[in-house]
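One structure is given here, and the rest of the page talks about it.
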Amino acid sequence: SMAPALSTVALIEEDPWEMLELQDTGVKWADLDTKGKILRVLINAAKLFLLVGLLYMFVCSLDILSSAFQLVGGKTAGDIFQENTVLSNPLAGLVIGMLVTLLVQSSSTSSSIVVSMVSSGLLEVSTAVPIIMGTNIGTSVTNTVVAMTQVGDRNKFRRAFAGATVHDFFNWLSVLVLLPLEVATGYLVKLTDLIIKSFNIQSGENAPALLNVITDPLTHSIIVLDESVISGIATGDPEAKNKSLIKVWCQTASNTNVTTSNCKIINIKKCNHIFVNTNLSDLAVGLILLACSLLILCTCLILIVKLLNSMLKGQVAVVIKKIMNTDFPFPFAWLTGYIAMVVGAGMTFIVQSSSVFTSAITPLVGIGVIKIERAYPLSLGSNIGTTTTAILAAMASPGETLGNSLQIALVHLFFNLSGILLWYPIPFTRLPIRMAKALGQLTAQYRWFSGVYIIFCFFAFPLVVFGLSLAGWLVLVGVLVPIVVVLIFIIVVNSLQKHKPQWLPSILQSWDFLPLWAHSLEPWDRVVTTMAARCCCCCKCCNTTEENEEMGKHENMDQEIEMYDNPTMTNIRKIKEVKKTSDSCEIFKATSL
(Lines of atoms letter the chains of each structure in order from A; the text may use other names.)
(Lines give C-alpha, C1' and ligand atoms only; values in the text may rest on other atoms or scores of the structure.)
Protein backbone atom coordinates (compact mmCIF):
# COMPACT_ATOMS: atom_id res chain seq x y z
CA SER A 1 0.00 0.00 0.00
CA MET A 2 1.09 3.55 -0.70
CA ALA A 3 2.17 5.83 2.13
CA PRO A 4 -0.30 8.58 2.92
CA ALA A 5 0.43 11.89 1.23
CA LEU A 6 1.67 14.57 3.58
CA SER A 7 0.70 18.22 3.09
CA THR A 8 3.59 20.66 2.64
CA VAL A 9 1.45 23.75 3.25
CA ALA A 10 2.60 24.02 6.87
CA LEU A 11 6.24 24.03 5.73
CA ILE A 12 5.75 27.15 3.60
CA GLU A 13 6.08 30.23 5.79
CA GLU A 14 3.57 32.88 4.89
CA ASP A 15 5.02 36.34 4.29
CA PRO A 16 3.06 38.80 6.47
CA TRP A 17 4.12 41.68 4.19
CA GLU A 18 2.79 40.06 1.04
CA MET A 19 -0.04 42.24 -0.25
CA LEU A 20 -3.35 40.49 -0.74
CA GLU A 21 -4.36 39.71 -4.27
CA LEU A 22 -7.30 41.93 -5.15
CA GLN A 23 -9.95 40.38 -7.34
CA ASP A 24 -12.92 41.81 -9.15
CA THR A 25 -15.75 40.30 -7.11
CA GLY A 26 -18.49 42.70 -8.15
CA VAL A 27 -20.95 42.45 -11.02
CA LYS A 28 -19.37 43.48 -14.31
CA TRP A 29 -20.55 46.69 -15.97
CA ALA A 30 -21.69 44.81 -19.08
CA ASP A 31 -23.95 42.54 -17.00
CA LEU A 32 -25.87 45.44 -15.43
CA ASP A 33 -29.14 46.75 -16.80
CA THR A 34 -29.83 50.45 -17.30
CA LYS A 35 -31.17 50.94 -13.78
CA GLY A 36 -28.18 49.13 -12.26
CA LYS A 37 -25.71 51.25 -14.25
CA ILE A 38 -27.37 54.50 -13.19
CA LEU A 39 -27.47 53.36 -9.56
CA ARG A 40 -23.78 52.38 -9.59
CA VAL A 41 -22.76 55.73 -11.10
CA LEU A 42 -24.78 57.63 -8.49
CA ILE A 43 -23.39 55.57 -5.58
CA ASN A 44 -19.79 55.97 -6.76
CA ALA A 45 -20.29 59.71 -7.29
CA ALA A 46 -21.74 60.05 -3.78
CA LYS A 47 -18.81 58.10 -2.30
CA LEU A 48 -16.30 60.26 -4.18
CA PHE A 49 -18.03 63.44 -3.03
CA LEU A 50 -18.06 62.17 0.56
CA LEU A 51 -14.37 61.20 0.33
CA VAL A 52 -13.41 64.69 -0.88
CA GLY A 53 -15.44 66.21 1.95
CA LEU A 54 -13.78 63.98 4.54
CA LEU A 55 -10.32 64.80 3.17
CA TYR A 56 -11.18 68.50 3.36
CA MET A 57 -12.30 68.14 6.99
CA PHE A 58 -9.16 66.09 7.72
CA VAL A 59 -6.86 68.83 6.41
CA CYS A 60 -8.83 71.55 8.23
CA SER A 61 -8.73 69.56 11.49
CA LEU A 62 -4.93 69.26 11.16
CA ASP A 63 -4.74 73.04 10.73
CA ILE A 64 -6.94 73.60 13.80
CA LEU A 65 -4.87 71.02 15.71
CA SER A 66 -1.73 73.01 14.94
CA SER A 67 -3.41 76.21 16.17
CA ALA A 68 -4.57 74.42 19.33
CA PHE A 69 -1.05 73.20 20.12
CA GLN A 70 0.29 76.70 19.58
CA LEU A 71 -2.28 78.11 22.01
CA VAL A 72 -1.45 75.45 24.61
CA GLY A 73 2.34 75.45 24.27
CA GLY A 74 3.29 78.27 21.90
CA LYS A 75 4.57 80.66 24.57
CA THR A 76 6.43 77.80 26.21
CA ALA A 77 8.05 77.10 22.86
CA GLY A 78 9.12 80.73 22.63
CA ASP A 79 10.61 80.56 26.13
CA ILE A 80 12.51 77.37 25.25
CA PHE A 81 14.13 79.12 22.30
CA GLN A 82 15.39 81.88 24.59
CA GLU A 83 17.80 79.45 26.32
CA ASN A 84 20.76 80.50 24.18
CA THR A 85 23.32 78.84 26.46
CA VAL A 86 21.54 75.50 26.08
CA LEU A 87 21.14 75.97 22.32
CA SER A 88 24.91 76.10 21.95
CA ASN A 89 24.91 72.34 22.67
CA PRO A 90 24.14 70.60 19.33
CA LEU A 91 22.34 67.66 20.95
CA ALA A 92 20.26 70.00 23.08
CA GLY A 93 19.43 72.06 20.00
CA LEU A 94 18.27 68.89 18.25
CA VAL A 95 15.84 67.88 21.01
CA ILE A 96 14.64 71.48 21.43
CA GLY A 97 13.72 71.51 17.75
CA MET A 98 11.81 68.24 18.30
CA LEU A 99 10.01 69.48 21.43
CA VAL A 100 8.99 72.80 19.91
CA THR A 101 7.68 71.08 16.78
CA LEU A 102 5.72 68.68 18.99
CA LEU A 103 4.33 71.63 20.99
CA VAL A 104 3.16 73.62 17.95
CA GLN A 105 2.60 70.57 15.66
CA SER A 106 4.04 72.46 12.71
CA SER A 107 7.58 72.30 11.40
CA SER A 108 6.97 75.47 9.35
CA THR A 109 6.10 77.40 12.53
CA SER A 110 9.16 76.20 14.45
CA SER A 111 11.36 76.81 11.40
CA SER A 112 10.01 80.35 11.06
CA ILE A 113 10.93 81.02 14.71
CA VAL A 114 14.48 79.82 14.02
CA VAL A 115 14.67 82.01 10.90
CA SER A 116 13.49 85.07 12.83
CA MET A 117 16.08 84.45 15.56
CA VAL A 118 18.86 84.07 12.99
CA SER A 119 17.72 87.21 11.18
CA SER A 120 17.71 89.21 14.41
CA GLY A 121 21.22 88.05 15.31
CA LEU A 122 20.20 86.03 18.38
CA LEU A 123 21.34 82.76 16.78
CA GLU A 124 24.15 81.94 14.41
CA VAL A 125 23.44 79.78 11.39
CA SER A 126 25.70 77.01 12.70
CA THR A 127 23.80 76.96 16.00
CA ALA A 128 20.44 76.78 14.21
CA VAL A 129 21.34 73.74 12.08
CA PRO A 130 20.68 71.10 14.82
CA ILE A 131 17.35 72.77 15.60
CA ILE A 132 16.31 72.45 11.95
CA MET A 133 17.24 68.76 12.08
CA GLY A 134 15.08 68.38 15.20
CA THR A 135 12.06 69.94 13.49
CA ASN A 136 12.45 67.34 10.74
CA ILE A 137 12.03 64.56 13.34
CA GLY A 138 9.23 66.25 15.28
CA THR A 139 6.98 66.61 12.26
CA SER A 140 6.98 62.84 11.62
CA VAL A 141 4.98 62.02 14.77
CA THR A 142 1.61 62.89 13.16
CA ASN A 143 1.46 60.02 10.67
CA THR A 144 2.71 57.62 13.38
CA VAL A 145 -0.27 58.58 15.54
CA VAL A 146 -2.56 58.26 12.48
CA ALA A 147 -1.46 54.62 12.09
CA MET A 148 -2.89 53.90 15.56
CA THR A 149 -6.43 54.28 14.15
CA GLN A 150 -5.98 50.87 12.42
CA VAL A 151 -4.97 49.04 15.59
CA GLY A 152 -8.14 46.93 15.50
CA ASP A 153 -6.95 44.77 12.57
CA ARG A 154 -3.60 43.09 13.19
CA ASN A 155 -2.51 42.82 9.53
CA LYS A 156 -3.60 46.34 8.62
CA PHE A 157 -1.93 47.72 11.74
CA ARG A 158 1.31 45.90 10.90
CA ARG A 159 1.48 47.52 7.46
CA ALA A 160 0.20 50.95 8.54
CA PHE A 161 2.58 51.30 11.49
CA ALA A 162 5.54 50.17 9.40
CA GLY A 163 4.54 52.55 6.59
CA ALA A 164 4.38 55.44 9.07
CA THR A 165 7.58 54.68 10.99
CA VAL A 166 9.68 54.29 7.84
CA HIS A 167 9.61 58.10 7.80
CA ASP A 168 10.68 58.21 11.46
CA PHE A 169 13.63 55.87 10.94
CA PHE A 170 14.84 57.83 7.92
CA ASN A 171 14.90 61.04 9.97
CA TRP A 172 16.54 59.39 12.99
CA LEU A 173 19.24 57.65 10.94
CA SER A 174 19.95 60.81 8.94
CA VAL A 175 20.43 62.80 12.15
CA LEU A 176 22.56 60.02 13.66
CA VAL A 177 25.04 60.33 10.77
CA LEU A 178 24.76 63.95 9.65
CA LEU A 179 24.67 65.73 13.02
CA PRO A 180 28.16 64.51 14.12
CA LEU A 181 29.41 65.18 10.58
CA GLU A 182 28.04 68.73 10.70
CA VAL A 183 29.53 69.38 14.15
CA ALA A 184 32.93 68.10 12.98
CA THR A 185 33.08 69.75 9.54
CA GLY A 186 30.21 72.27 9.23
CA TYR A 187 29.63 71.13 5.65
CA LEU A 188 25.97 72.20 5.51
CA VAL A 189 26.79 75.74 6.64
CA LYS A 190 29.74 76.00 4.24
CA LEU A 191 27.81 74.57 1.29
CA THR A 192 24.77 76.81 1.73
CA ASP A 193 26.97 79.87 2.34
CA LEU A 194 28.77 79.17 -0.93
CA ILE A 195 25.45 78.92 -2.79
CA ILE A 196 24.16 82.18 -1.28
CA LYS A 197 27.34 84.04 -2.27
CA SER A 198 27.53 82.48 -5.75
CA PHE A 199 24.03 83.51 -6.84
CA ASN A 200 22.80 87.07 -6.70
CA ILE A 201 19.44 86.14 -5.18
CA GLN A 202 16.91 88.95 -4.96
CA SER A 203 13.95 89.18 -2.63
CA GLY A 204 10.95 87.42 -4.14
CA GLU A 205 7.27 86.99 -3.41
CA ASN A 206 5.51 85.13 -0.65
CA ALA A 207 5.09 81.39 -0.95
CA PRO A 208 1.98 80.63 -3.01
CA ALA A 209 -1.08 79.75 -0.97
CA LEU A 210 -2.42 76.74 -2.88
CA LEU A 211 -4.42 74.55 -0.52
CA ASN A 212 -4.81 77.38 2.02
CA VAL A 213 -7.08 79.22 -0.40
CA ILE A 214 -9.62 76.41 0.08
CA THR A 215 -9.11 75.67 3.78
CA ASP A 216 -8.68 79.21 5.16
CA PRO A 217 -12.36 80.22 4.88
CA LEU A 218 -13.31 77.42 7.31
CA THR A 219 -10.31 77.51 9.64
CA HIS A 220 -10.25 81.31 9.85
CA SER A 221 -13.92 81.30 10.82
CA ILE A 222 -12.95 79.16 13.85
CA ILE A 223 -9.62 80.66 15.01
CA VAL A 224 -6.94 83.05 13.74
CA LEU A 225 -3.58 83.29 15.52
CA ASP A 226 -1.00 86.05 15.71
CA GLU A 227 2.18 84.20 14.70
CA SER A 228 4.38 87.18 15.60
CA VAL A 229 3.76 86.67 19.35
CA ILE A 230 5.77 83.41 19.53
CA SER A 231 8.58 84.92 17.46
CA GLY A 232 8.51 88.01 19.69
CA ILE A 233 8.93 85.88 22.82
CA ALA A 234 11.78 83.95 21.22
CA THR A 235 13.56 87.17 20.18
CA GLY A 236 13.20 88.66 23.67
CA ASP A 237 10.34 91.15 23.21
CA PRO A 238 9.01 91.82 26.76
CA GLU A 239 5.60 92.98 25.50
CA ALA A 240 4.99 89.72 23.61
CA LYS A 241 4.66 87.68 26.83
CA ASN A 242 1.57 89.65 27.88
CA LYS A 243 -0.12 89.42 24.48
CA SER A 244 -2.69 86.82 23.54
CA LEU A 245 -2.05 84.52 20.60
CA ILE A 246 -5.68 84.93 19.51
CA LYS A 247 -5.83 87.56 16.82
CA VAL A 248 -8.53 90.23 17.25
CA TRP A 249 -7.74 92.74 14.49
CA CYS A 250 -7.08 91.14 11.10
CA GLN A 251 -6.38 94.42 9.29
CA THR A 252 -4.21 97.16 10.75
CA ALA A 253 -2.21 100.13 9.52
CA SER A 254 0.75 102.06 10.91
CA ASN A 255 0.63 105.84 11.27
CA THR A 256 4.02 107.50 11.79
CA ASN A 257 4.19 110.96 13.34
CA VAL A 258 6.79 112.98 11.44
CA THR A 259 7.60 115.36 14.31
CA THR A 260 7.99 112.77 17.06
CA SER A 261 8.91 109.79 14.82
CA ASN A 262 6.48 107.63 16.80
CA CYS A 263 4.75 104.75 15.01
CA LYS A 264 1.14 104.14 16.04
CA ILE A 265 -0.85 101.07 15.00
CA ILE A 266 -4.41 101.80 13.87
CA ASN A 267 -6.94 98.97 13.99
CA ILE A 268 -9.07 98.90 10.85
CA LYS A 269 -10.96 95.60 10.57
CA LYS A 270 -11.85 93.12 13.29
CA CYS A 271 -11.56 89.38 12.74
CA ASN A 272 -14.75 87.33 12.49
CA HIS A 273 -13.72 84.01 14.02
CA ILE A 274 -15.58 82.33 16.88
CA PHE A 275 -13.17 83.30 19.68
CA VAL A 276 -12.62 86.95 18.69
CA ASN A 277 -14.57 88.32 21.70
CA THR A 278 -13.90 85.47 24.14
CA ASN A 279 -12.96 86.05 27.76
CA LEU A 280 -11.27 82.64 27.98
CA SER A 281 -7.51 82.28 28.33
CA ASP A 282 -5.31 80.99 25.52
CA LEU A 283 -4.89 77.70 27.41
CA ALA A 284 -8.67 77.18 27.75
CA VAL A 285 -9.31 77.95 24.07
CA GLY A 286 -6.40 75.70 23.08
CA LEU A 287 -7.73 72.77 25.10
CA ILE A 288 -11.22 73.19 23.61
CA LEU A 289 -9.84 73.27 20.07
CA LEU A 290 -7.49 70.38 20.86
CA ALA A 291 -10.33 68.11 22.00
CA CYS A 292 -12.61 69.05 19.09
CA SER A 293 -9.91 68.79 16.42
CA LEU A 294 -8.70 65.40 17.71
CA LEU A 295 -12.27 64.10 17.71
CA ILE A 296 -12.87 65.31 14.14
CA LEU A 297 -9.45 64.07 13.03
CA CYS A 298 -9.98 60.53 14.35
CA THR A 299 -13.55 60.40 13.03
CA CYS A 300 -12.45 61.53 9.57
CA LEU A 301 -9.60 59.01 9.50
CA ILE A 302 -11.82 56.10 10.50
CA LEU A 303 -14.47 57.09 7.93
CA ILE A 304 -11.83 57.63 5.22
CA VAL A 305 -10.41 54.13 5.81
CA LYS A 306 -13.86 52.55 5.71
CA LEU A 307 -14.80 54.54 2.60
CA LEU A 308 -11.55 53.62 0.86
CA ASN A 309 -12.16 49.96 1.70
CA SER A 310 -15.60 50.31 0.14
CA MET A 311 -14.43 52.18 -2.97
CA LEU A 312 -11.21 50.27 -3.61
CA LYS A 313 -12.86 47.02 -4.55
CA GLY A 314 -13.04 45.13 -7.76
CA GLN A 315 -11.39 46.49 -10.89
CA VAL A 316 -10.77 49.95 -9.38
CA ALA A 317 -8.54 48.53 -6.64
CA VAL A 318 -6.69 46.30 -9.10
CA VAL A 319 -5.90 49.26 -11.39
CA ILE A 320 -4.84 51.63 -8.58
CA LYS A 321 -2.66 48.99 -6.93
CA LYS A 322 -1.01 48.16 -10.25
CA ILE A 323 -0.29 51.83 -11.04
CA MET A 324 1.11 52.59 -7.57
CA ASN A 325 3.36 49.52 -7.19
CA THR A 326 4.50 48.62 -10.71
CA ASP A 327 8.10 49.38 -11.68
CA PHE A 328 9.27 50.63 -15.05
CA PRO A 329 10.60 48.08 -17.60
CA PHE A 330 14.06 46.58 -17.08
CA PRO A 331 16.61 49.22 -18.09
CA PHE A 332 14.68 51.98 -16.29
CA ALA A 333 13.39 50.11 -13.22
CA TRP A 334 15.72 52.13 -10.97
CA LEU A 335 13.91 55.33 -12.00
CA THR A 336 10.61 54.27 -10.39
CA GLY A 337 11.58 55.31 -6.87
CA TYR A 338 12.87 58.70 -8.00
CA ILE A 339 9.65 59.36 -9.90
CA ALA A 340 7.80 58.52 -6.66
CA MET A 341 9.97 61.10 -4.86
CA VAL A 342 8.98 63.74 -7.42
CA VAL A 343 5.31 62.83 -6.93
CA GLY A 344 5.68 63.06 -3.15
CA ALA A 345 7.46 66.42 -3.38
CA GLY A 346 4.81 67.80 -5.74
CA MET A 347 1.88 66.65 -3.62
CA THR A 348 3.50 68.05 -0.47
CA PHE A 349 4.09 71.36 -2.23
CA ILE A 350 0.39 71.46 -3.14
CA VAL A 351 -0.91 70.68 0.36
CA GLN A 352 2.03 72.63 1.94
CA SER A 353 2.42 70.11 4.73
CA SER A 354 4.45 66.92 4.88
CA SER A 355 2.31 65.76 7.83
CA VAL A 356 -0.86 65.94 5.75
CA PHE A 357 0.62 64.00 2.83
CA THR A 358 2.28 61.24 4.89
CA SER A 359 -0.84 60.93 7.07
CA ALA A 360 -2.94 60.53 3.92
CA ILE A 361 -0.87 57.65 2.49
CA THR A 362 -0.64 55.80 5.83
CA PRO A 363 -4.20 54.33 5.60
CA LEU A 364 -3.48 53.31 1.99
CA VAL A 365 -0.46 51.34 3.18
CA GLY A 366 -2.59 49.75 5.89
CA ILE A 367 -5.32 48.48 3.57
CA GLY A 368 -2.76 47.12 1.11
CA VAL A 369 -3.00 49.55 -1.81
CA ILE A 370 0.57 50.93 -1.47
CA LYS A 371 3.60 48.81 -0.60
CA ILE A 372 6.02 49.99 2.08
CA GLU A 373 8.76 49.92 -0.55
CA ARG A 374 6.75 52.50 -2.51
CA ALA A 375 5.69 54.53 0.53
CA TYR A 376 9.36 55.03 1.42
CA PRO A 377 10.33 57.16 -1.63
CA LEU A 378 7.00 59.00 -1.39
CA SER A 379 7.90 60.02 2.19
CA LEU A 380 11.39 61.08 1.10
CA GLY A 381 9.87 63.25 -1.61
CA SER A 382 7.54 64.72 0.99
CA ASN A 383 10.58 65.79 3.03
CA ILE A 384 11.91 67.65 -0.01
CA GLY A 385 8.53 69.19 -0.85
CA THR A 386 8.16 70.79 2.55
CA THR A 387 11.54 72.54 2.17
CA THR A 388 10.63 74.12 -1.19
CA THR A 389 7.79 76.00 0.50
CA ALA A 390 10.24 77.25 3.14
CA ILE A 391 12.66 78.42 0.45
CA LEU A 392 9.94 80.40 -1.31
CA ALA A 393 8.86 81.90 2.01
CA ALA A 394 12.47 82.83 2.84
CA MET A 395 12.85 84.60 -0.51
CA ALA A 396 10.11 87.00 0.60
CA SER A 397 12.32 88.28 3.43
CA PRO A 398 13.70 91.83 3.37
CA GLY A 399 17.08 92.40 1.75
CA GLU A 400 19.03 92.73 5.00
CA THR A 401 17.82 89.35 6.33
CA LEU A 402 17.40 87.52 3.01
CA GLY A 403 20.81 85.82 3.12
CA ASN A 404 20.46 84.24 6.56
CA SER A 405 16.80 83.27 6.04
CA LEU A 406 17.52 81.60 2.72
CA GLN A 407 20.61 79.87 4.10
CA ILE A 408 18.60 78.19 6.87
CA ALA A 409 15.98 77.06 4.34
CA LEU A 410 18.74 75.64 2.11
CA VAL A 411 20.26 73.84 5.13
CA HIS A 412 16.91 72.06 5.57
CA LEU A 413 16.86 71.11 1.87
CA PHE A 414 20.44 69.79 1.72
CA PHE A 415 20.00 67.90 4.97
CA ASN A 416 17.15 65.91 3.40
CA LEU A 417 19.06 65.47 0.13
CA SER A 418 22.08 64.17 2.05
CA GLY A 419 19.85 61.73 3.92
CA ILE A 420 18.42 60.46 0.63
CA LEU A 421 21.94 59.90 -0.72
CA LEU A 422 22.76 57.91 2.40
CA TRP A 423 19.67 55.72 2.70
CA TYR A 424 18.15 55.24 -0.77
CA PRO A 425 20.29 54.87 -3.96
CA ILE A 426 21.88 51.53 -2.97
CA PRO A 427 19.24 48.90 -2.04
CA PHE A 428 21.46 47.52 0.73
CA THR A 429 21.44 50.91 2.50
CA ARG A 430 17.64 51.15 2.68
CA LEU A 431 17.76 50.35 6.39
CA PRO A 432 14.61 52.36 7.27
CA ILE A 433 12.45 49.83 5.38
CA ARG A 434 13.87 46.84 7.23
CA MET A 435 13.74 48.61 10.59
CA ALA A 436 10.14 49.73 10.01
CA LYS A 437 9.10 46.19 9.07
CA ALA A 438 10.75 44.80 12.20
CA LEU A 439 8.93 47.37 14.36
CA GLY A 440 5.65 46.70 12.51
CA GLN A 441 6.01 42.97 13.18
CA LEU A 442 6.71 43.65 16.85
CA THR A 443 3.77 46.04 17.31
CA ALA A 444 1.44 43.64 15.51
CA GLN A 445 2.31 40.96 18.07
CA TYR A 446 2.33 43.34 21.07
CA ARG A 447 0.06 46.19 20.04
CA TRP A 448 0.57 48.09 23.30
CA PHE A 449 4.23 48.56 22.33
CA SER A 450 3.24 51.13 19.67
CA GLY A 451 2.21 53.54 22.42
CA VAL A 452 5.49 52.89 24.27
CA TYR A 453 7.41 53.67 21.07
CA ILE A 454 5.63 57.00 20.49
CA ILE A 455 5.94 58.12 24.12
CA PHE A 456 9.61 57.17 24.42
CA CYS A 457 10.94 58.40 21.06
CA PHE A 458 9.01 61.66 20.78
CA PHE A 459 8.48 62.71 24.40
CA ALA A 460 10.52 60.87 27.06
CA PHE A 461 13.87 60.80 25.26
CA PRO A 462 13.84 64.50 24.19
CA LEU A 463 12.77 65.59 27.68
CA VAL A 464 15.52 63.54 29.36
CA VAL A 465 18.19 64.90 27.01
CA PHE A 466 16.88 68.45 27.49
CA GLY A 467 17.02 68.02 31.28
CA LEU A 468 20.57 66.67 31.12
CA SER A 469 21.55 69.59 28.88
CA LEU A 470 20.39 72.02 31.55
CA ALA A 471 22.66 70.22 34.03
CA GLY A 472 25.67 70.82 31.82
CA TRP A 473 27.76 69.27 29.06
CA LEU A 474 29.72 66.97 31.39
CA VAL A 475 26.57 65.48 32.90
CA LEU A 476 25.06 64.95 29.43
CA VAL A 477 28.15 63.13 28.15
CA GLY A 478 28.59 61.13 31.37
CA VAL A 479 25.05 59.75 31.21
CA LEU A 480 24.54 59.29 27.46
CA VAL A 481 27.91 57.83 26.44
CA PRO A 482 27.56 54.61 28.52
CA ILE A 483 23.99 54.18 27.24
CA VAL A 484 25.14 54.61 23.62
CA VAL A 485 28.01 52.13 24.12
CA VAL A 486 25.62 49.51 25.54
CA LEU A 487 23.18 50.02 22.65
CA ILE A 488 25.96 49.65 20.06
CA PHE A 489 27.15 46.47 21.80
CA ILE A 490 23.61 45.01 21.75
CA ILE A 491 23.14 45.85 18.06
CA VAL A 492 26.49 44.27 17.08
CA VAL A 493 25.83 41.12 19.12
CA ASN A 494 22.33 40.74 17.67
CA SER A 495 23.72 41.05 14.15
CA LEU A 496 26.42 38.47 14.82
CA GLN A 497 23.93 36.10 16.48
CA LYS A 498 21.86 36.17 13.32
CA HIS A 499 24.60 35.95 10.67
CA LYS A 500 27.89 34.75 12.25
CA PRO A 501 27.15 33.11 15.63
CA GLN A 502 30.41 31.15 15.51
CA TRP A 503 32.36 34.39 15.90
CA LEU A 504 30.88 34.91 19.38
CA PRO A 505 31.74 33.15 22.63
CA SER A 506 29.26 30.47 23.60
CA ILE A 507 27.62 32.59 26.30
CA LEU A 508 26.82 35.40 23.83
CA GLN A 509 25.43 33.19 21.07
CA SER A 510 22.02 33.74 22.65
CA TRP A 511 20.55 35.96 25.34
CA ASP A 512 19.23 33.03 27.37
CA PHE A 513 21.67 33.74 30.21
CA LEU A 514 19.66 36.91 30.97
CA PRO A 515 16.29 36.90 32.75
CA LEU A 516 13.39 36.47 30.36
CA TRP A 517 12.08 40.00 31.00
CA ALA A 518 15.43 41.46 29.91
CA HIS A 519 15.37 40.03 26.37
CA SER A 520 11.70 39.34 25.62
CA LEU A 521 8.46 41.32 25.68
CA GLU A 522 6.42 38.26 26.62
CA PRO A 523 6.55 38.83 30.43
CA TRP A 524 5.69 42.50 29.91
CA ASP A 525 2.82 41.46 27.67
CA ARG A 526 1.44 39.24 30.45
CA VAL A 527 1.64 42.18 32.86
CA VAL A 528 -0.18 44.51 30.46
CA THR A 529 -2.79 41.84 29.68
CA THR A 530 -3.38 41.16 33.38
CA MET A 531 -3.77 44.86 34.17
CA ALA A 532 -6.17 45.30 31.25
CA ALA A 533 -8.16 42.24 32.35
CA ARG A 534 -8.46 43.56 35.89
CA CYS A 535 -9.64 46.94 34.68
CA CYS A 536 -12.20 45.27 32.41
CA CYS A 537 -13.30 42.98 35.23
CA CYS A 538 -13.74 45.91 37.63
CA CYS A 539 -15.80 47.75 35.03
CA LYS A 540 -17.85 44.60 34.38
CA CYS A 541 -18.44 44.01 38.10
CA CYS A 542 -19.40 47.66 38.67
CA ASN A 543 -21.79 47.57 35.73
CA THR A 544 -23.30 44.30 36.98
CA THR A 545 -23.78 45.75 40.47
CA GLU A 546 -25.42 48.89 39.09
CA GLU A 547 -27.73 46.83 36.89
CA ASN A 548 -28.70 44.65 39.85
CA GLU A 549 -29.43 47.73 41.96
CA GLU A 550 -31.62 49.22 39.23
CA MET A 551 -33.44 45.93 38.73
CA GLY A 552 -33.87 45.67 42.50
CA LYS A 553 -35.50 49.09 42.65
CA HIS A 554 -38.02 48.17 39.96
CA GLU A 555 -38.80 44.78 41.49
CA ASN A 556 -38.86 46.03 45.06
CA MET A 557 -42.64 46.54 45.15
CA ASP A 558 -43.32 43.10 43.62
CA GLN A 559 -41.04 41.31 46.05
CA GLU A 560 -42.00 43.22 49.20
CA ILE A 561 -44.68 40.73 50.25
CA GLU A 562 -42.38 37.78 49.50
CA MET A 563 -39.56 39.33 51.52
CA TYR A 564 -41.75 39.77 54.56
CA ASP A 565 -43.40 36.37 54.19
CA ASN A 566 -40.17 34.38 53.76
CA PRO A 567 -37.06 36.34 54.84
CA THR A 568 -34.85 33.21 54.82
CA MET A 569 -35.42 32.60 51.10
CA THR A 570 -34.79 36.28 50.40
CA ASN A 571 -31.37 36.13 52.08
CA ILE A 572 -30.48 32.93 50.21
CA ARG A 573 -31.41 34.59 46.90
CA LYS A 574 -29.17 37.60 47.67
CA ILE A 575 -26.24 35.34 48.59
CA LYS A 576 -26.62 33.44 45.30
CA GLU A 577 -26.68 36.66 43.28
CA VAL A 578 -23.51 37.98 44.95
CA LYS A 579 -21.79 34.59 44.49
CA LYS A 580 -22.81 34.50 40.81
CA THR A 581 -21.33 37.96 40.20
CA SER A 582 -18.04 37.14 41.94
CA ASP A 583 -17.78 33.80 40.12
CA SER A 584 -18.24 35.48 36.74
CA CYS A 585 -15.46 37.95 37.58
CA GLU A 586 -13.12 35.12 38.61
CA ILE A 587 -13.88 33.24 35.38
CA PHE A 588 -13.23 36.42 33.39
CA LYS A 589 -9.89 36.93 35.11
CA ALA A 590 -8.84 33.33 34.47
CA THR A 591 -9.79 33.29 30.80
CA SER A 592 -8.11 36.66 30.16
CA LEU A 593 -4.80 35.20 31.33
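The backbone N, Cα and C atoms fix where each Cβ goes, and this holds for glycine too.
Curation plays no part in TrEMBL annotations; they are all automatic predictions.
What TrEMBL says about this protein:
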TRANSMEM  41-65  transmembrane segment
TRANSMEM  86-105  transmembrane segment
TRANSMEM  169-189  transmembrane segment
TRANSMEM  283-308  transmembrane segment
TRANSMEM  328-351  transmembrane segment
TRANSMEM  405-426  transmembrane segment
TRANSMEM  446-465  transmembrane segment
TRANSMEM  471-493  transmembrane segment
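Same-chain neighbours of the transmembrane segment (471-493): 89, 91-92, 465, 504, 508, counting only residues six or more beyond its ends whose CB sits under 8 Å from a CB of the stretch. The transmembrane segment (283-308) and the transmembrane segment (41-65) are in contact, since at least 3 Cβ pairs between them lie under 8 Å (pairs 6 or more apart in sequence). The recorded stretches the transmembrane segment (405-426) and the transmembrane segment (169-189) share 3+ CB pairs below 8 A when only pairs 6 or more apart in sequence are counted, and are therefore in contact.
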